[in-house]
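Asks: Pulled these from Swiss-Prot:
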type	residues	note
REGION	1-23	region 'Disordered'
COILED	25-96	coiled coil
TRANSMEM	164-184	transmembrane segment
TRANSMEM	186-206	transmembrane segment
TRANSMEM	212-232	transmembrane segment
TRANSMEM	236-256	transmembrane segment
TRANSMEM	291-311	transmembrane segment
TRANSMEM	332-352	transmembrane segment
Amino acid sequence: MMESFSETKSSIATNKSTTPTHEVQISKELQDIKNEVFELKKSHEQCKEKGIKVKKDINDVFKHADDITNTLAKHEKESSQLISRIKHLNAKEKQLDITKELSAHLDQIKVNVKRAKVSFTPETGSIFVRLFLGQVNVKHMRENEKFRLKQEYEKFKKKTNPQFILFVVLLLLYPQSSFVTTSWQIWLLYYYITLALRENILLVNGSSIKPWWIMHHYLSIAGSLTNLLFPLSESFSYFLPQVTYFSGCQGLVQILTNRYQQGRLYKLVAMGKANIIDVTGESEGWGNDPGWTPSALFLFPFLLFVQFFQLYNSFSFFAFAYQRSGYVEWQVFSCGFIFLCLGLGNLLTTLSVYYQKWKNFSKYNKEN
């Protein structure tokens, strides 16, 4: 009893001795936290003030950009008027040199104004962009914003191309499911609209995209919409397996094409022969690069296969319509025409690109 009592007494004494130390530690920790909170608050206030200043500076920058745009428009108008006045002058022979010199100066001013307007004039894009976004400026002033646009475009293609394969698997597993079929049709429409919209915005911001690929996606949008409006009839059931197989082949070839184009584009950007926001390695401005590589040759037969598959689809739709004596849905003729345009356009573009590659390769070998 006495021993336990003494132990209890000693433990109480120990607790009394440690309690002040513990309280000191807590007080010190609270003081440190208090100091950090005040430092954070001070830093936040400074950041807030800096943000207000930066916002004002940005507004001033855009105001100056608007002033520059208005001045450039004024210069363009004045230079045109002066050129017109010079043309209407009945200058004598000894004054011809002066008028030619002045005309040359004015022509150079017009060229410079045109180049400057590309950088400073806001753009709303094509009719297609305005249809979805309205009259808003889609041009970015900062290079990192332009590059982000391109990155997001590449990410979108990388994420969505495998979905071609996924929908093919689902359509083969559930060929009679209207839910799967409708989901696939809606997804195709969403895919091509998004691609066309992003490419139009990239085009405004200086990206190099062949006009055919923009037109290709417009035609694909029309085809996807036609497919979505196709009633679940005999003709739809007849063509569904064929179009499903085509979609799977197209998805595989697009995956291969994107890998090749990104690899070549990175190489050309590193060599200084391409713009960092370009989306393919097939720009006409890169004619000095041979591009005749094993990967390009490997891709060639796959591209031809898909393009001839498109032409075969077109023939199948028209042949089906020709063989039927009764009523044939307008979607059959529409799909046949769209596949014909896509097949011919893709085939001619591919042959043109590879012919240019061969010419560049031959020229490169002769020079080296």
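Any Cβ shown, glycine's included, is placed from N, Cα and C.
Keep in mind the model is a prediction, meaning the values are calculated, not measured.
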Asks: Sort out the residues at least 6 away from either end of the transmembrane segment (164-184), same chain, that have Cβ-Cβ distances under 8 Å to it, and list them.
Replies: 228, 232, 240-241, 244-245, 247-248, 250-252, 254
Asks: When you check the transmembrane segment (332-352) against the transmembrane segment (186-206), do you get at least 3 Cβ pairs under 8 Å, counting only pairs 6 or more apart in sequence?
Replies: no
Asks: With pairs 6 or more apart in sequence, are the transmembrane segment (212-232) and the transmembrane segment (186-206) linked by at least 3 Cβ pairs under 8 Å?
Replies: yes
Asks: Could you give the mean pLDDT over the coiled coil (25-96), rounded to a whole number?
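Replies: Summing pLDDT over the coiled coil (25-96) and dividing by its length gives 80.
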